[in-house]
Amino acid sequence: MQPNQELIRTIANRYAANLTLCFPLRRTSLQLARAIHANFITFGFQPRAHILNRLIDVYSKSSELRYARHLFDEIPEPDKIARTTMVSGYSASGDIALAQNIFEETPLSMRDTIMYNAMITGFTHSHDGCSAVSMFREMKREGFRPDNFTFASVLAGLAHVVEEEKECVQFHAAAVKSGAGSITSVMNALVSLYSKCDLLNSARRVFDEITEKDERSWTSMMTGYVKNGLHREALEMVRRMVSNGIELDAFTYPSVIRACATSGLLQFGKQVHAYALRRQDFSFHLDNSLVSLYYKCNKLVEARAIFDKMPAKDLVSWNALLSADNGFGEEGLRLFSCMRKEGFEPCDYAFSGAIKSCAVLGAYCNGQQFHAQLVKIGFDSSLSAGNALITMYAKCGVVEEARRVFITMPCQDSVSWNALIAALGQHGHGAEAVGVYEEMLKEGIKPDRITFLTVLTACSHAGLVDKGREYFDSMETVYCIPPGADHYSRLIDLLCRSGRFTEAESVIKSLPFEPTSQIWEALLSGCRVYGNMELGIIAAEKLFELIPEHDGTYMLLSNMYAATGKWEEAARVRKLMRDRGVKKELACSWIEVETQVHKFLVDDTSHPEAEAVYKYLQELGKEMRRFGEKIAVAFGLMKLPPGRAIRVFKNLRTCGDCHNFFMYLSRVVQREIVLRDRKRFHHFRNGECSCGNFW
């Protein structure tokens with residue numbers, strides 16, 4: 001037996017020595033590891049744990065996790081090294097759910113700081129800051145000592161969810177106390193953290209204290225300036241960085257451009273793009289970040305051109321294309337499908353993009369399928385995916401599901417709260433929306449500009465004038481947020497909906513800027529409801545000056561004249577519209593049936609079932625053929641099972657004729673009809689509408 005043991009030991013040592021040649025990893029490492037693995041199988045060699053661990057390590061670091069997992073599963077009792085390697089591999093690849101499974105199956109006695117670091121890093125890279133911070137706290141609670149890498153990772157995770165200054169200060173103090181406070185990587189993370197929390201003075205103080213600044217140091221500070229709109233300071237930081245011998249590189253380009261994309265700073269991003277072109281710097285990372293920049297700044301043609309010209313596309317390329325807030329609709333779903341056919345697995349941000357496409361289309365069934373897939377692969381805890389689901393369900397007319405998603409999210413950020421407030425407001429649940437806003441404040445979440453837009457809209461739809469005015473006034477007095485034109489337009493809409501035109505005029509006269517088209521449109525809409533011709537004409541004349549090509553102004557004013565019997569004036573407005581070459585936007589309605597979206601136009605005969613639909617329409621009334629949304633509703637009544645709500649979507653504001661008809665129809669057919677038009681949702685039940693006949 002002794003000679004055999006010696007032979008086995010000799011063979012094992014030879015395999016171990018060969019595997020050592022795989023490190024550091026290079027192009028031939030994976031090929032060598034596969035050859036050694038094949039040799040095991042061919043000769044029936046049963047390697048010991050240390051050899052399997054090295055092989056697992058090569059596979060994991062080479063993104064061949066299938067082979068790594070196969071070997072891992074063959075080990076009867078995997079040791080600490082094997083478990084840590086697998087956790088690190090899954091975390092690095094973005095498969096945090098599988099990493100967490102192995103982590104949770106690992107006894108506490110086998111865990112170490114490295115394993116906790118891998119989990120914290122994985123959560124951070126998945127933008128799940130809540131879980132990263134929670135894992136850090138568990139680590140300390142269980143008696144494990146955080147190291148420099150721990151603090152660098154958890155600070156980056158905290159930056160995703162930080163809301164208050166005290167959290168930054170507490171974690172900074174903990175890093176200093178542990179001795180990690182002077183490490184460059186940790187200080188870089190602190191600069192980013194303070195910048196994210198709008199504490200630029202603190203960020204700059206930490207930056208100035210870094211003795212050995214690297215690319216990340218400069219980029220973190222630059223990103224902070226860009227995020228806070230301090231473009232001169234950001235450009236000065238670029239100049240100083242280059243003068244210190246540090247050129248923009250594959251890491252700094254994307255960081256600066258991503259910051260521009262997040263802040264909507266297209267011109268600054270273009271300057272960086274031009275700099276890269278002059279230097280002929282090209283990389284996946286640069287192209288991917290440029291795709292995000294142009295899409296987020298609504299430059300879809302430029303973004304798609306960059307994407308299409310990329311010599312090769314990686315996973316990040318597709319995710320960059322799909323994760324932007326593109327409002328693609330059908331094109332977004334096609335791109336998502338194409339990505340999967342190319343063999344790439346989407347991340348949670350790409351799923352979010354696809355779900356947002358469903359929201360644009362009102363594709364409820366498709367959205368449900370994506371939701372199920374998120375749960376199956378473990379992305380359901382993702383903040384971005386959860387927020388997208390809230391918006392999708394709300395825009396598909398199922399506000400109850402939106403509320404359920406919000407409640408079941410492991411943690412919420414301000415985007416989550418804003419999405420729920422918007423959902424409730426759009427569906428006429430103004431009082432509930434206000435309640436959610438008040439709850440948000442109690443939870444210590446600071447409202448932002450978007451929050452106020454959503455809560456003001458909710459107050460407007462619910463007629464909560466005094467409450468809305470109170471919230472508007474609090475923007476500057478309590479939260480130091482100067483209202484923009486969009487906030488003022490919501491206030492004008494709020495006042496006009498309640499007939500308080502004198503107050504609305506007073507607000508317009510006291511504006512700190514020239515009234516925009518948004519302001520006059522809000523005033524004109526209110527005048528239409530109350531028949532205030534005098535003020536309505538003033539608003540319309542201003543709109544003719546500002547946006548003469550917009551058809552809505554002509555139609556609203558013409559309808560106002562017609563409603564008061566002033567037919568000559570109505571005809572004059574329509575003639576003016578024709579003379580100026582302004583064409584009325586074509587009304588389009590659509591409905592989803594069994595994951596298929598069906599579109600209808602006025603007098604539409606292009607649909608394959610048009611003949612059957614019109615035959616059904618004859619039974620309901622000849623006049624129905626004149627309106628696209630009525631055709632869509634009829635199609636839904638034909639195709640959907642009894643009792644199921646009919647959800648129809650329209651690109652324009654619904655007209656009074658259709659609104660009255662749907663109230664009547666909902667009582668006759670005993671079905672809920674949900675209509676999403678350009679402005680809001682209408683829920684027709686038993687002859688009544690959720691808007692209270694005010695839209």
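Counting starts with 1 at the first residue shown.
Glycine is treated like the rest: Cβ placed from N, Cα and C.
Bear in mind that TrEMBL entries carry predicted annotations, made automatically and left uncurated.
Marked as repeat 'PPR' by TrEMBL: 112-146, 214-248, 413-447, 448-482, 550-584. Here TrEMBL flags 624-695 as domain 'DYW'.
For the repeat 'PPR' (413-447), the DSSP-based tally of helix, strand and coil residues reads 26 helix, 0 strand, 9 coil.
Broken down by DSSP into helix, strand and coil, the repeat 'PPR' (214-248) contains 26 helix, 0 strand, 9 coil. The repeat 'PPR' (214-248) scores a mean pLDDT of 83 in the predicted structure.
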